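> Got a structure for you, written out below as structure tokens; questions coming shortly.
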């Protein structure tokens, strides 16, 4: 680990879900050009990772190149920093306790009583410093999940307090993201929740150097002075984080408010954020948000419709495409359980994303059929590919009982498994981290839509699945107009399908939304929207 390692710690207060991940990524972006920045997310839940958590409860599961299933905030880290994160950077209390219990069984504590302090905090510290060492990091951005005062994150808070004592206060800075409400009918900002949140943090031995106020409007001078007085910070160290048309405005806003200068002064470093390229792209997004040159309406037909964060990366992919094509994309999440054709008539394109289980199958299949028959641009992702195959088998090839082995809701034995379990998955009982996960090569067939979009015959994409297209049916599909345009590197598994006769009917087994960048939008989303214009 470098002797001059710098650490920024981001905590949250008042309520959860106010954007710590975006805030952390935005601050990290200001330092990315001058420092080797490594983002770390600390989550207090006892799951080893979020891979088995319902997206409606915790947001989408983000899959990394190394196969790790991590918190959705890593999507923000990767997109803002243009890097490929590692699963070890997501520290969960489940991982920490598992390691401690394993060490205890191995006798590594030499008969001592294993306690929360020092053993748990020491293990967290060790993990953090190991990451810094292995990545040769100049700077760590440590986001502590949840809200200050939660029982789940107390030990993470204590750990970063101890780290300050070990590396010196000049090498670490604490940033607190809080919420300043303006209750309806009062029309006045309230600082008391922020004061209480900071006092809770103070009781744990942490005194923030920077307070970032999440609110609907810029803080009034009165509120700013009040927060400064009762939270022991300079008024210049209280930063506005107001509602914006796109999250990519936030690094620019922080830059204009001098966040990088405040933190650089505290840490005794110099930085040049180089914000120009991002500013140009954000300018395009903002101009189309207020006065759109063209509007494209996209339906996202998914089963996790209760929470927008379930499909966060898909929405971001569309934002990236919009910035490059100079237009506005309006995406609407439609519950696949309530789908009917009348719901889809107003849309220029349709996306059927991934998911698990049989719930909502038939609604998605109906949407796919509607897109195919009406030549509406369509993109299927993961399960979306599998259901596109089922729809084609049933309605074009005449295999009326075509289905997937995953659908356990059948009342009859499956005779035509056009989608079946991956051979490597047979016999696996555990659910966590047992799928085909991570980055794998895909070989593209020349003279196909996919090949034209990517401009090369070999790509790397990220996967998260247990089921695949049954090769026994591929020739039949091809005879009827659906071809395989992308294969696994051994040519044994179909990874991309398309219908050449349609304007854009493409489906992939991988998740292209996981590698999109605002500087370089995912190619399949780019192709989808171009077909909608």
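The first residue you see is number 1, and the count goes up from there.
In case you wondered, yes, glycine gets a Cβ from its N, Cα and C as well.
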> Out of 71, 73, 122, 138, which is the one Swiss-Prot records at the ATP site of 17, 18, 19, 20, 21, 22?
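ATP site check in Swiss-Prot: besides 17, 18, 19, 20, 21, 22, the record includes 73 out of 71, 73, 122, 138.
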> Given that Swiss-Prot annotates 16, 190, 191, 192, 193, 194, 195 as binding UTP, state which candidate in 86, 125, 226, 256 belongs to that site as well.
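Candidate listed by Swiss-Prot for the same site: 226.
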> Name the one residue among 224, 466, 517 that Swiss-Prot lists for the same L-glutamine site as 355, 383, 384, 385, 386, 406.
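L-glutamine site check in Swiss-Prot: besides 355, 383, 384, 385, 386, 406, the record includes 466 out of 224, 466, 517.
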> Quick one: Cα separation, residue 194 (UTP binding site) versus residue 466 (L-glutamine binding site), in Å?
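Cα-Cα distance, residue 194 (UTP binding site) to residue 466 (L-glutamine binding site): 46 Å.
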> Write out, in the order they occur in the sequence, the residues of the chain not among 355, 383, 384, 385, 386, 406, 466 that have a C-beta within 8 Å of the mean position of the C-beta atoms of the recorded L-glutamine site.
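Once 355, 383, 384, 385, 386, 406, 466 are set aside, the remaining close residues are 354, 356, 382, 387, 404, 419, 465, 467.
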> Out of the binding-site residues 16, 190, 192, 195, give me the one sitting nearest to residue 355 (L-glutamine binding site) by CA distance.
16
> Pick the one among the recorded positions 192, 511 whose Cβ has the fewest other Cβ atoms within 10 Å in this structure.
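Each of the recorded positions 192, 511 was scored by Cβ atoms within 10 Å; lowest is 192.
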> By a simple count, how many Cβ atoms lie within 10 Å of the Cβ of residue 193 (UTP binding site), its own Cβ left out?
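Result for residue 193 (UTP binding site): 15 neighbouring Cβ atoms inside 10 Å.
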> List nothing but the largest Cα to Cα distance in Å, as a whole number, among the residues 16, 190, 191, 192, 193, 194, 195, 226 that the record says bind UTP.
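The two farthest binding residues have Cα atoms 23 Å apart.
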> Counting other CB atoms within 10 A of each CB, which of the recorded positions 382, 385 comes out lowest?
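Counting other Cβ atoms within 10 Å of each of the recorded positions 382, 385 gives the minimum at 382.
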